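Notes follow once the structure below has been shown.
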Amino acid sequence: MGKCQVISHPLIQHKLSILRREDTSTKNFRELVNEIAMLMGYEVSRDLPLEDVEIQTPVAKTIQKQLTGKKLAIVPILRAGIGMVDGFLSLVPAAKVGHIGMYRDEETLEPVEYLVKLPEDIDQRQIFVVDPMLATGGSAILAVDSLKKRGAGNIKFVCLVAAPEGVKKLQEAHPDVDIYTAALDEKLNEHGYIVPGLGDAGDRLFGTK
């Protein structure tokens, strides 16, 4: 079973508390999502492999560590996942970016996929699927399904806020996918929203209703 890790770094928790406030402006919300994503990126990339390389400093030759050249891909679930991409790219600017577009049917609460655009070599990449919310788990499961159908096998799911129901469903559907979140909240309400949550992340990111 994949792990669910709550990243409790003080800066992440401080910024998340501001993000949750209903009076946080669209501008500040967007900036905070980007900042939290960048901070989380340090944690979720902690196990990237290193190799020894010889370099020349201004003083002498030395053996140092650098990434092995492992290929990375960041795959946001549209719309809201877009807000987390730049934070990750600030750490790994050479990563490729794919897109999986979904919307949630407001009656059934089930996700509907309308776009899949991925790097051709997605099966060779370590993938970070990013979405601010892990609520019912439906979108996350469908996104991982789409990636696996295209040969991907090394996948992590990264969100800002998760509900226990969504974590359980994603772990049951894809036990090989590790989940990273800044907060594990109380529950889902009858409308499928996370409680206490932060509202509709997409609407708050883009100033829509």
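Heads up, the Cβ atoms here are built off N, Cα and C, so glycines get one too.
5-phospho-alpha-D-ribose 1-diphosphate binding, as stated in Swiss-Prot, involves ARG79, ASP131, PRO132, MET133, LEU134, ALA135, THR136, GLY137, GLY138, SER139, ASP200; the candidate among ARG46, ARG104, ARG150 given for that site is ARG104.
Under the three-state DSSP scheme, SER139 (5-phospho-alpha-D-ribose 1-diphosphate binding site) falls in the helix class. Within the set of binding-site residues GLY199, ASP200, ALA201, the entry lying nearest in space to ASP131 (5-phospho-alpha-D-ribose 1-diphosphate binding site) is ALA201 (CA atoms). Under DSSP, ILE194 (uracil binding site) is assigned to a strand (E or B) in the three-state scheme.
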